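Enquirer: Pasting a structure here, questions to come.
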């Protein structure tokens, strides 16, 4: 039993006058509050990821498929998205530092380390091309097909993981990738049978998604290699470094692709509340990876993706008169199944790593 002096150093232990029994009531209360707080946070993140994935898909499709007098220029939307992301990241970096240290951090980590900043040039450029391709895909595919087909990024990320990072996949993961490929193919069958109307081409949309997913897979794995092989820099600062290249590159793409329209009507031609909402949602959603890293595990991420696929399908039915066929529903089910199957091995490895006190890899942390 502890002596009187020892008790003085344990304020959480309550001793009654009648007995020397210590009752750690406050400790239990604190533990319950902490557990409840974590549970509430995970629930909030789960809801956010689900809404972000589904609403983003429906918004980008609706902004491109609706009938309007003036259609906005997608390259301008991509550029504004990069600007918004940069300002958000600068704000978050500034919140972590005093104004003086904030300016010092920008100078030392961007200007005084040009080689380190130059490393993110490749993924920054790739993400610009990828985002432009996603707008092309959204112009030719319904929201549900677009959402499901874009899950090919899991397949491409896995392939580049084997090629670039020299990691091996087990049989379960290879089987999951095969199921994913079959599921996407079945979903695309409905798209190829659909009538091409209003200048839409499901084949063009599918090719755009496939190329975008290949670029996304390569950029994600390349970015992981940068993070693991470079000096420690916060994720927000890395995004600021990428903005150094992505903002001028995306602005150049405007005049390379849509100079005639922009020169005649201006940058904000066709922009209305729906377009601005799409751009803002795209910008905030692009930073959701940081939320995944800090709070969400693979199970939460995959559940959010699966529910988002279902919500996107339901939204497409009501907003775009989309009628899913049996092959579409079968393909969607296979895609959802493959997502959980592929990550089940990763979740197990991550759990073992935590038990051993290891740091999870960026591949586990990033929402690929």
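Heads up, the Cβ atoms here are built off N, Cα and C, so glycines get one too.
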Enquirer: According to Swiss-Prot, which of these ranges is transmembrane segment: 317-337, 338-358?
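Expert: My reading of Swiss-Prot: the transmembrane segment range is 317-337.
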Enquirer: Do you know which of 273-293, 294-314 Swiss-Prot annotates as transmembrane segment?
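Expert: Here Swiss-Prot associates transmembrane segment with the stretch 273-293.
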Enquirer: What stretch in 145-165, 235-254, 317-337 has the biggest tally of Cβ pairs under 8 Å against the transmembrane segment (118-138)?
Expert: 235-254
Enquirer: Please give the sequence-distant neighbours of the transmembrane segment (317-337): residues at least 6 beyond its ends with Cβ less than 8 Å from one of its Cβ atoms.
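Expert: The answer is 58, 61-62, 65, 142-145, 148, 151, 179-180, 182-190, 305-306, 309.
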